[in-house]
Amino acid sequence: MSNARRRFSTVTQINTEGLQAMGKGGGRMETVGEDGIPADYKGNRKFTTSLGHLALYKEDEGIGTQASFISGYTTPGPKERATSEHVKANLGVMLGVYLPTIQHILGVTMFIRLFWVVGMSGVAWTMALLAICCLSTLLTSISLSAVATNGVVESGGAYFIISRNLGAEFGSAVGILFYLANTVAASMYIVGGVEVILMYLWPEMAIGGADALHDTEMFGSLYNNLRLYGTVFLLIQALIVAMGVKFVQLLAPVSLMCVILAIAACIGGGIEKQITMEGMKVCAIDNHLLQSSIVTHPIHKNQTSWFNETVDFCNLCDKSLYLESVFCANVNNDEASAEDDVFCTHYTSKKMTCQLAFPGFNMKTLNDNMWPEYMEKSEVVPGVRGKETAEVVQDESSTFFMLMAIYFPAVTGIFTGTNMSGDLRDPQRSIPVGTIAATLTTSAIYYILAILFGGSITRSVLRDKFGRSIGNTMVVAALSWPHPAVVTVGAFLSTFGAALQCLCSAPRLLQSIAKDDVIPILAPFARVTKNNEPFLGLVLTVIIAECGILLGAVDKIAEVLDFFFLMCYAFVNLIAVLHSVLKSPNWRPRFKYFHWTLSLLGAALCFFIMFASSVPLACIACTATAVIYKYVEWKGAKKEWGDGMRGLALTTAQYSLLKVEDKDPHPKNWRPQVLILLTSQWSKEMIDRRAVSMLNLGAQLKAGRGLAIACAFLKGSVDSQKDKNRARDVKTTLVKDMSSVRLRGFAKTMFYNNHQINGTISGLYQSIGIGGLRPNTILLNWPNEKNPDELVLFAEEIIHGAANDNCLIVTKGITDFPEYSERLTGFIDIWWIVQDGGILMLIAYLLRQHKVWKGCTLRIFAVSEQDSTKSEDMKAGLQKYIYMLRIDAELFIVDLLDMEVSDEVVEKAAEVERKQKEREEMRRSKSGYLNDGFMEDNGKPRQVMMRHSDSARSFSPQPGAHTSINLDETETSFTESLFDDFYRSGTPNEDLEGAMKLNIHKMNTSVRLNRVIRENSPDSQLILLNLPSPPRNRLAFNNSYMTYLDVLTEDLPRVLFIGGSGREVITIDS
């Protein structure tokens, strides 16, 4: 075979839309398996082999296995999958999404409230009301389609979508609200069904008889009957649900068929009434509609239904002695009110007429019903109070937004398809098509019915919520054809089926939330029975549903129900907005007819409906969400679901960092950005209290609201898996310890070994942080002198910190520092030895802002050798300076007296010199010693520069020099000749004798200062001292520098050494 004809591969085109592989056999379609391989393929199912074809991409055996980029993608992880697998998911768009969603959306509210909404708002404003409600659900459906096609939707439906996209906190909060929405919806459906039974099917069942149903007060007999029978029906339906979900599923198609027939009967009735011009009649005095029971009372005392007597009814629409007694009985009584006179006058002066209640669809009626006529409670017509025992009056006041709140539950139910994702053959196609189609269909049905009612029923009858004028018959049922029972029975069955569905789905939703283990209090509800039924969840659902039933009225329950659904819908829209605006890499929805502005409009509409309907209830819903959010955050939501809130946080952080300029801040804006260096002994069996105490101190310094990073040094290598596992455990411990001391910040670990200490520390200081958010303050602990590793680390941390121009804070006696819960009183003493820009005072001030140190008093001891004649002037100048700094502190000037070198000092200095020589000899005798790099390359000690910036706080190094007080420059000064040798390093050209004298002088300073501090601060809670500039010569650091500091702090319990870089200038400016 020639090279030109030789083939090295075969290519198969994949139809991604149909999830089928197109073979070469004449267009034959091959079924594709779950892993993307044809189901009947019997060969090697691996894409790569250990030898040959893709050996280039085969990983070394020593390297941990990584996922191939062509491996299967699964979202979410295995632990997030449903516990039960369906044998076969074969439902399509129609049976799996479209019809169930329509069945859930269309309900009792459409039959018992839509006509009344039209009567109050008019056709035009009802169109606007429906537009707002339907548009909010349509936009939410679009957002839902985008989110649902951006991955696999598991059990939990809407809760799964929200929690996996907004995080555990928001997911739990909105999940609980969605659970409450389903539970309270069950209450509304049950109360609506009871209303249909008692008002329109069997009024004789009412306790107190049919007449008791006329008492429409909140705690009147009508609503008490609804509460009682609602509780009975709730228990019956709970028993049915406890028997299993299969029975509930059997009722769904029956309920849907009855609803469809009822809608068709309404439309048929509008047409039939227009053709025949026959229908039920009503009586009215002028335009005041009368209750039919009053009109029929003289002849049919106990009759409440008269469908077969429409012809004779108009004969009863005439004034009679009985009607006169109803309207004018109290006129002649002494207890007669002004209203009684008005009722009687209207009755006697106006004509009583018989009107056709259902003239059939016509433009005249439509025009008459076009504009709103909102009414207050007990009004018979707008602005006129009616006689409640005789006329048809309103049982509650109405406004546009109140009507919107009542009707909004009629458009909910769009998550039905999402909840059935596990039963769908192709969820990513079925959910968008089915949900949006169902939303558009139901919206069209509502518009058609609203126009039908507005054009087929007179205005006065439309306002008759309970059908009092037509023999307590449902208004929509009286319009229908061929028989009112089609609508009445259909309305009841729709409520019964919908309530069963809610009682079935709500406990399972609660179980999904509890199973995620983000709300500990819900843990018991994760358990199920042997038949996989969440019995405990059902019990809680019944209890909450009973609370909803106790509200009594459908309208009251609907107003509460809105907010649960609206919060859920708003967050689904926000998910889509969040992912789109942040351009998340994993945001690749298959649903293409989506734009984030639509989702933003949907979220805005949801919040608008909430706050327009009821500001108090909206605030309660938002507060409930916030409370659950903070509860989950407080309990520690340890789930990581790759949610969008993390993406939002990252984007916000990026934006903020870019706004912060990467340069030194103005002195007014300086605050400690703390890097806490920990060299503790990390062990699972032992807790090193030094690390916890360091974190405690770091938390107490966070009054400056700066950055905090805790870094633990570990001896090891990044190449060792054992060391990496240990580092991960240490970081976990560190995070827990930071949380326990309430230090909010970041934790990290750093490996080092004996040959990398210098580069490790230097690299850490140079690289840590990002942009303008970099640590400027290093907090480190005095090392354990018996641990050589800690000594070497400490030396490098100090030297490189100084070279990097960081503020250094060194703690001594860290285990004696107070814990978070302690409250100290006493003194915080600042021993001001060198001019440092005021960093000691700033650190002390920040510590005092914390509740641990708040009870302490600041004292400043300025050490000086000024003569007594100038001491008072210096004290006055310093007092003014402290006052202008706005720091409350007591100021003391300390004059050192005895300057003689004692024998003790000479002995200690000689000891330091002897140790120095021993270590030098040891260093020379060992090649490749750990600290070979302590010297410069030329073998000479590194020259040490003063760390205190000349521009910020300069002083003369010559003995006897004095600096002046200049308050305009916020300077304080005092004689520093005494400490020149102590607070600076020696020069490289000093001979041994000069070095010995220098050591004696430094040791003398340490001893003298220690005695003075112990004399003046014997009981201080904390002492702050200037940190002498460290030598860059490591041998000098280990041999003498640490010894001086040890002597300086001898017998002092808590000490902070603070060394400024000169940038931390505390100013008197505002």
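In case you wondered, yes, glycine gets a Cβ from its N, Cα and C as well.
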Which one of these stretches, 791-811, 875-895, shows up in Swiss-Prot as transmembrane segment?
791-811
Sort out the residues at least 6 away from either end of the transmembrane segment (791-811), same chain, that have Cβ-Cβ distances under 8 Å to it, and list them.
672, 675, 677, 679, 694, 697, 713, 752, 754, 757-758, 760-762, 765-766, 775-783, 785, 817, 839, 843, 930-931, 947, 1027, 1029-1032, 1034, 1037-1038, 1042, 1055-1064
Would the transmembrane segment (114-134) count as touching the transmembrane segment (433-453), i.e. at least 3 C-beta pairs under 8 angstroms with sequence separation of 6+?
yes
When you check the transmembrane segment (600-620) against the transmembrane segment (400-420), do you get at least 3 Cβ pairs under 8 Å, counting only pairs 6 or more apart in sequence?
yes
Looking at the stretches 92-112, 114-134, 534-554, 827-847, which one shares the most CB pairs under 8 Å with the transmembrane segment (251-271)?
92-112
Determine which residues of the chain contact the transmembrane segment (92-112) at the Cβ level, with the cut-off under 8 Å and only residues 6 or more beyond its ends counted.
189, 192-193, 195-196, 252-253, 255-256, 259, 262-263, 406-407, 409-414, 416-417, 420, 423-426, 429-431, 433-435, 437-439, 441-442, 445-446, 449, 474, 476-477, 487, 490-492, 494-495, 497-498, 501, 554, 558
